[in-house]
Amino acid sequence: MNIILLGPPGAGKGTQAARLEAQRGMVQLSTGDMLREALANGTPVGLQAKAVMDAGELVSDAIVSALVGERLDKLKGRGAIFDGYPRTQGQAEALDLLLSERGRQLDHVIELVVDEDALVERIVGRFSCAVCGTPYHDLYKMPKVQETCDTCGSHEFKRRPDDNEATVRTRMAEYRSKTAPILPYYEQRGLVRHVDGMLSVDEVSDRIDQLLAGDSARS
Ligand code: AP5
């Protein structure tokens with residue numbers, strides 16, 4: 001099964017993709033993570049993408065689609081969860097080609113429907129352990145022991161440089177103008193399902209599970 005999680009910044013795409021990966025043995029393909037990894041490794045792609053990401057704008061279709069193609073080649077038959085890709089009509093068309101070249105098809109496009117105003121708080125408050133990546137939030141999930149990771153005991157934490165209010169607003173505007181308009185492309189193929197992304201993390205997971213279970217029962 002190959003699915004796209006679609007929604008604005010902070011909608012919960014990464015959170016739900018990680019859960020699906022753990023529960024279903026699928027592979028999370030996050031273009032944001034791929035670009036941050038490229039930057040951390042000092043690759044030309046990463047260095048080229050840095051200024052664009054810091055501004056909250058979109059990296060070129062050619063760069064991200066090439067990254068996705070490379071990752072798809074390593075999946076060995078496991079299903080893919082596309083997290084943050086595609087984000088433009090050009091990327092949607094590129095993904096169709098990438099999948100068909102590999103004998104894969106798209107099963108669902110799950111749109112996480114959210115209230116954008118609530119998302120700024122979600123994003124600006126998030127941080128993670130710099131060693132093991134365990135996610136935290138200033139308001140909803142602080143470490144149990146002050147400045148100590150619950151999972152690995154590290155005292156180092158990090159925040160994404162693009163998680164400030166001004167950049168988040170630009171990222172949301174990019175979503176509205178370039179990403180939301182690709183929904184009809186998938187709607188006309190009957191692929192789009194909507195899930196209320198304002199529910200709790202567990203409830204959103206349950207809704208996605210129900211949706212995917214219904215699909216398995218039909219096939
Ligand atoms: P990317 O890394 O993809 O960021 P994004 O789309 O802005 O999404 P986020 O990771 O911010 O949010 P999310 O929906 O994954 O939410 P999360 O689960 O983390 O992209 C970053 C940049 O890279 C882009 O701006 C662009 O420059 C570039 N880029 C990436 N892909 C690209 C592409 N395809 N083309 C061009 N450029 C690209 O949740 C957020 C917070 O909310 C967390 O704290 C979480 O714990 C919390 N939370 C999640 N769900 C819930 C819930 N249901 N209730 C309460 N809290 C919740």
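The backbone N, Cα and C atoms fix where each Cβ goes, and this holds for glycine too.
Note that the coordinates shown come from a computational prediction; the quantities given were computed from them, not determined experimentally.
According to TrEMBL, the protein carries these features:
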- Gly10, Ala11, Gly12, Lys13, Gly14, Thr15, Arg126, Leu199: ATP binding site (BINDING)
- Thr31, Arg36, Glu57, Leu58, Val59, Gly84, Tyr85, Pro86, Arg87, Gln91, Arg160, Arg171: AMP binding site (BINDING)
- Cys129, Cys132, Cys149, Cys152: Zn(2+) binding site (BINDING)
- 126-162: domain 'Adenylate kinase active site lid' (DOMAIN)
- 30-59: region 'NMP' (REGION)
Exercise. Counting only residues 6+ apart in the same chain, whose Cβ is under 8 Å from the Cβ of Cys152 (Zn(2+) binding site)?
Worked result: Cys129, Val131, Cys132, Thr134
Exercise. When you scan the chain for residues with a C-beta under 8 Å from the region 'NMP' (30-59), skipping those not six or more beyond its ends, what do you find?
Worked result: 13-14, 17, 67-68, 71, 83-85, 87-88, 160-162, 166-171, 174, 178
Exercise. Of the binding-site residues Ala11, Cys132, Cys149, which ones put their CB under 6 Å from ligand 1?
Worked result: Ala11
Seminar exercise, completed: One residue among the binding-site residues Lys13, Arg87, Arg126, Arg160 has the fewest other C-beta atoms within 10 A of its C-beta, namely Arg160
Exercise. Could you state the CA-to-CA distance between Gly14 (ATP binding site) and Cys149 (Zn(2+) binding site) to the nearest Å?
Worked result: 20
Exercise. For the binding-site residues Gly10, Gly12, Gly14, which one has the sparsest Cβ surroundings, going by other Cβ atoms within 10 Å?
Worked result: Gly14
Exercise. Taking the Cβ of Ala11 (ATP binding site) as reference, which residues of that chain separated by at least 6 in sequence fall under 8 Å from it?
Worked result: Leu112, Val114, Leu119, Gly197
For this session: Anything within 10 Å of Arg160 (AMP binding site)? Look among the binding-site residues Gly12, Lys13, Thr15, Arg126, Cys149, comparing CA atoms, and list what you find.
Result: Arg126
Problem set entry | Structural state of Cys132 (Zn(2+) binding site), classified by DSSP into three states | coil
Exercise. Roughly how many angstrom lie between the C-alpha atoms of Tyr85 (AMP binding site) and Gly10 (ATP binding site)?
Worked result: 14
